[in-house]
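What follows is a short report on a single structure.
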Amino acid sequence: MGSRPSTKIPAPMMLTIRVALVLSCICPANSIDGRPLAAAGIVVTGDKAVNIYTSSQTGSIIVKLLPNLPKDKEACAKAPLDAYNRTLTTLLTPLGDSIRRIQESVTTSGGGRQGRLIGAIIGGVALGVATAAQITAAAALIQAKQNAANILRLKESIAATNEAVHEVTDGLSQLAVAVGKMQQFVNDQFNKTAQELDCIKIAQQVGVELNLYLTELTTVFGPQITSPALNKLTIQALYNLAGGNMDYLLTKLGIGNNQLSSLIGSGLITGNPILYDSQTQLLGIQVTLPSVGNLNNMRATYLETLSVSTTRGFASALVPKVVTQVGSVIEELDTSYCIETDLDLYCTRIVTFPMSPGIYSCLSGNTSACMYSKTEGALTTPYMTIKGSVIANCKMTTCRCVNPPGIISQNYGEAVSLIDKQSCNVLSLGGITLRLSGEFDVTYQKNISIQDSQVIITGNLDISTELGNVNNSISNALNKLEESNRKLDKVNVKLTSTSALITYIVLTIISLVFGILSLILACYLMYKQKAQQKTLLWLGNNTLDQMRATTKM
């Protein structure tokens, strides 16, 4: 028995998973509450589970293209089988030749190996230009060379079996499953029926089914005609080749039914042809599957913004498109490393960015902390559906209720209007008629107004206008400065030298001293003059008194 494929997760990925799991165990994750945000033009459109993955699992599907018919019916179906066999060889021989050229390009000399590989790739590409993806695919094809050789050793036994699904493990380094969609048809139609069929009917049935399968093969390998062996096969193509038997390999590799539908939609399950043998009509495909780690309690929340009415015009909230929350921590999630499906995110790494306190407060329900940008124009869709209801900006469009008839008006200062079946059963918005089935309960906040201070300018045109105003102000300031410089140029520089300034200061001090002394002297003279006046007045009064006394005598 061969060894089973390793499903161990690499150390760097395991470290990432452990860190994320530790964070997720701090506190259960709560999704962002969209009820207080809806009336502010911020709509929570949905959540997705966050998973981390690496493409580390591989298995092989050996597609048995030529079925084995019962001995008593081989002669009846010989003609359609021979035609089918010739068509298969014509269709798939370029694929087989391309695979062999690339695998045989490996030499023991290190210097010429890369050159031979690139030459083999370019030899199989129509335009003569090998892309990075094609070089990567060729390298993977070379790595699978030994496994393909091991499968070819068993080709006779695989071709001889009548089983539609057969697990091949002898001498193989990874799980391999031989499947035959046509063999399944033969077994169901001829081997398990007691009804006798005439030879013509057998030939017709086999011919029709083989033609249908050839059509599927042409659809699958259409892109391979221009660059054989270098294009990945999608999961849909693998199912076309293997039919329902594909599930057997996926189950063996540990893909459960609960993950299968999501992984199929992600495009992470792919296949690469690694061999084609025209003698036995066997086609080997190496299937690559992801190892997926589920991050408990980590969800990605998607946010959409609606153009709202403000006193400064139409504006939209400045919030991230995708955020993730673990406990009380909310951060922006970078989905450029992720593949999205309807319910899941599959990421090679988790990258988050911290948010400003204002945005954090806004997403926590404090709508007065939300900031808005005047970037949305009047042609932006002014409404959004959510859970059977509508959030609309009835300032930008006419919200006409068909049943019951009426116009839904948006009060002055309100950012948006929340419309549900309670207020309108059938709503017409710009020629689009919607039947409402949802309801906004009392927990939804309404009548939210956006203050002027919450609206900022971030649009390119608006910023250009503001920059123009700033440039005008700067130009005016430069003109004033130039005028001031002209006035300063008229000043005699010699009068402003250091020695002249010292002289001016000394002279000023001397002048001040003389001025003070003069003031003191003037005050003294005035005081002395007043004293003399008093003395003369006193002498005059005494003389007058003496004269009066002499007259009386």
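Cβ from N, Cα, C; glycine included.
What Swiss-Prot lists as coiled coil is 142-170 (among others), and the listing cites sequence analysis.
Under the heading coiled coil, Swiss-Prot lists 466-491 (among others).
For Cys338-Cys347 (among others), the entry in Swiss-Prot reads disulfide bond, with the evidence type similarity to another entry. Annotation note: Cys347 (disulfide bond) sits in a strand segment as assigned by DSSP.
Counting Cβ atoms from all protein chains shown, Cys370 (disulfide bond) has 24 others lying within 10 Å of its own Cβ. Feature annotation from Swiss-Prot assigns disulfide bond to Cys362-Cys370 (among others); the stated evidence is similarity to another entry.
In this structure, Cys394 (disulfide bond) belongs to neither helix nor strand by DSSP; it is coil. The Cβ of Cys394 (disulfide bond) has Pro382, Ile408, Ser409, Gln410, Val416, Ser417 as same-chain neighbours under 8 Å, each 6 or more residues away in sequence. What Swiss-Prot records for Cys394-Cys399 (among others) is disulfide bond.
As annotated by Swiss-Prot, disulfide bond applies to Cys401-Cys424 (among others), with the evidence given as similarity to another entry. In this structure, Cys401 (disulfide bond) is part of a beta strand by DSSP.
Among the features that Swiss-Prot reports, S-palmitoyl cysteine is placed at Cys523, with the record citing sequence analysis. Taken residue by residue with DSSP, Cys523 (S-palmitoyl cysteine) is part of a helix.
Annotation comment: Swiss-Prot describes 117-141 as region 'Fusion peptide'.
The signal peptide feature in Swiss-Prot is assigned to 1-31; the stated evidence is sequence analysis.
The annotation topological domain 'Extracellular' is assigned in Swiss-Prot to 32-500 on the grounds of similarity to another entry.
Feature annotation from Swiss-Prot assigns topological domain 'Cytoplasmic' to 522-553; the stated evidence is similarity to another entry.
Sequence annotations record features per position, and here Swiss-Prot assigns transmembrane segment to 501-521 based on similarity to another entry.
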Cys523 (S-palmitoyl cysteine) CB neighbourhood, other CB atoms within 10 A: 10
Rounded Cα-Cα span from Cys362 (disulfide bond) to Cys523 (S-palmitoyl cysteine), Å: 77
Other CB atoms within 10 A, centred on Cys338 (disulfide bond): 23
The one of Cys347, Cys362, Cys399, Cys401, Cys424 whose CB sees the fewest other CB atoms within 10 Å, among these disulfide-bonded residues: Cys401
Nearest-integer angstrom distance between the alpha carbons (Cα) of Cys370 (disulfide bond) and Cys347 (disulfide bond): 30
